[in-house]
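Here is the structure we will look at, set down as structure tokens.
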Amino acid sequence: SDGRNTAANDKASNLMALRDDCCPNPPCKASNPDLCDWRS
């Protein structure tokens with residue numbers, strides 16, 4: 001398998017987990033608008 005794809009998938013999973021933790025938390029969300037406003 002291609003290790004680069006695995007790394008990209010791991011990074012995406014980490015971002016999802018960070019988003020789940022951060023975005024409900026107003027100070028974190030305010031510090032990371034790109035993380036939390038990605039749908040817009």
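Heads up, the Cβ atoms here are built off N, Cα and C, so glycines get one too.
Residues or ranges marked as disulfide bond in Swiss-Prot (evidence: similarity to another entry): Cys22-Cys28 (among others). Taking the Cβ of Cys22 (disulfide bond) as centre and 10 Å as the limit, one finds 18 other Cβ atoms among all the protein chains shown.
Sequence annotations record features per position, and here Swiss-Prot assigns disulfide bond to Cys23-Cys36 (among others) based on similarity to another entry. For Cys23 (disulfide bond), the same-chain residues lying six or more positions away in sequence with a CB closer than 8 A to its CB are Lys29, Asn32, Leu35, Cys36.
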Entry from the disulfide-bonded residues list Cys28, Cys36 having the most other CB atoms no farther than 10 A: Cys36
